[in-house]
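First the structure, in the form of structure tokens, and then the observations on it.
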């Protein structure tokens, strides 16, 4: 079933000018998501969890990765708590210039990485490589209906999942954000690793099927 975006999200999106300057666009979109009220954020996290669980490739077992929400990013706690019993939830861990992933449950130890983002306090031997994941949910600053994703600019996910340029999933890659972060179109660079879907609180966009579900 197709779900229309909420009027306030659509108006926010319409007010964001498109720019070929990716850094300027990031700043505009980060400001847009930070401006959302707390009650709307909480409701969005609940709605997002339902959409992630309903993805046609949502695993029933194996390892999935989320992220620690920062800077106004949409939260994943509801999704984590709703995962099937056979699925391990992981958080990213910086490893040189790429990401690895460590299983994590609420209450387990965390340390801050060099960007101030909490990550599991584990040895490298206890982490999983990008190729070991079944599904990875990535944060974004912006997206379009063709599943274009604009990240923070550090290239962490693009470097870590560069093998997806030549390899079919898994891992499945899913970008998530608020509906207010949608723009008409994004410039695509050769190094950008495409995601298989994008989910917001109002819609699911599947690659090669750009109509929201």
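Numbering starts at 1 and runs along the chain as displayed.
Backbone N, Cα and C define each Cβ position, glycine as well.
Note: TrEMBL annotation is automatic and uncurated.
Database features (TrEMBL):
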- 22, 23, 24, 25, 26, 149, 150, 151, 152, 153, 154, 155, 156, 157: ATP binding site (BINDING)
- 73: substrate binding site (BINDING)
Cα separation, residue 73 (substrate binding site) to residue 22 (ATP binding site) (Å, whole number): 18
Spatial separation of residue 73 (substrate binding site) from residue 150 (ATP binding site) - C-alpha basis, Å: 13
Rounded Cα-Cα span from residue 73 (substrate binding site) to residue 26 (ATP binding site), Å: 13
Three-state secondary structure, which DSSP defines for residue 150 (ATP binding site): strand
Alpha-carbon distance [residue 73 (substrate binding site); residue 156 (ATP binding site)] in Å: 17
CB contacts for residue 73 (substrate binding site) [other CB atoms within 10 A, all chains]: 21
Nearest-integer angstrom distance between the alpha carbons (Cα) of residue 154 (ATP binding site) and residue 73 (substrate binding site): 16
Three-state secondary structure, residue 156 (ATP binding site) (per DSSP): helix
Local Cβ density at residue 24 (ATP binding site) - other Cβ atoms counted within 10 Å: 11
